[in-house]
Amino acid sequence: MKCNDKMVVIMGATGSGKSSLSVDLALHFKAEIINSDKMQFYDGLKITTNQSTIEDRRGVPHHLLGELNPEAGEVTAAEFRVMAAEAISEITQRKKLPILAGGSNSYIHALLAKSYDPENYPFSDHKGSICSELKYDCCFIWIDVDQSVLFEYLSLRLDLMMKSGMFEEIAEFHRSKKAPKEPLGIWKAIGVQEFDDYLKMYKWDNDMDKWDPMRKEAYEKAVRAIKENTFQLTKDQITKINKLRNAGWDIKKVDATASFREAIRAAKEGEGVAEMQRKIWNKEVLEPCVKIVRSHLDQPINYYYYYFYLLKRFLSLN
């Protein structure tokens, strides 16, 4: 990689494997990862926001992941543009490859767009709201999963998250944090608002066997709402990625459906993380992505990005 001017951007719907792929690629290419999921910036709600565990990170440095105080307000896209740019600069100074991974596409646009107006929402219906000129020489990868397969997987994943303590985590968050007048930052995370009415109505008690039918229905209603809102989020994310593509962003799509079908089968049969699912992932997803990234890194320097990089370095030293 020459001149430290290139980076990889992993995109896709929630639950599509962006975090896993980013770590896989980081281990191949001596990279560090910058989180671009706006709900994962904050400390707390690690299960609810599905933050990568230390084990999942496999020794790869991560930036802007679970670092910020959730009571300090909301990180805006404009603030992320500055914070992530600083992380990119630090990573490239270490001669490492920056990998951006996450599903908050408006924040991704804010960071990468050469021209950015905080007052202009990029995904509005107004023509030309998305900036097609980029600050960095990006290799974009979109992990795509068939919608029906992804929805089934997300439903199973949420059931597992609930069994792993998501409800208890949300209840403790509500008890220990002062809620803002309007949802801000992590308070907007799917799960927090859906359980808000329930937690105002019932005192904390996780012994579900003692719950009356009305309480059980209130709980199940919240879980259904979480699933429905998660499904809608994935649709919105895909719509935004397609808008970026239509605006000229060269986003390469890699189909991960076969891997997710195997993950669903394994989950239903109680196998946990199946060896076969990993083999399919490596063949159908990781190997093509390694080729895409290697091809991008081997390309001649795009001197527009090189001179932009030098200008940034010059200004930072003066």
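Note that Cβ sites are derived from N, Cα and C of the backbone, with glycine treated the same way.
Features as listed in Swiss-Prot:
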type    : residues                                               : note
BINDING : GLY12, ALA13, THR14, GLY15, SER16, GLY17, LYS18, SER19 : ATP binding site
Among THR14, SER16 [binding-site residues], residue with fewest other Cβ within 10 Å: THR14
List the residues in the vicinity of the ATP site, defined as same-chain residues other than GLY12, ALA13, THR14, GLY15, SER16, GLY17, LYS18, SER19 with C-beta within 8 angstroms of the site's C-beta centre. GLY103, ILE143, VAL145
Could you say whether, by DSSP, GLY17 (ATP binding site) belongs to a helix, a strand or a coil region? coil
Sequence gap of 6 or more, Cβ distance under 8 Å: name the residues on the same chain that satisfy this around ALA13 (ATP binding site), in order along the sequence. GLY103, VAL145, LEU150, LEU233, THR234, GLN237, ILE238
Only counting partners 6 or more residues apart, tell me which same-chain residues put their Cβ under 8 Å from the Cβ of GLY17 (ATP binding site). ILE143, VAL145, ALA256, SER259, PHE260, TRP281, VAL285
GLY12, GLY15 as binding-site residues, winner by CB count within 10 A: GLY12
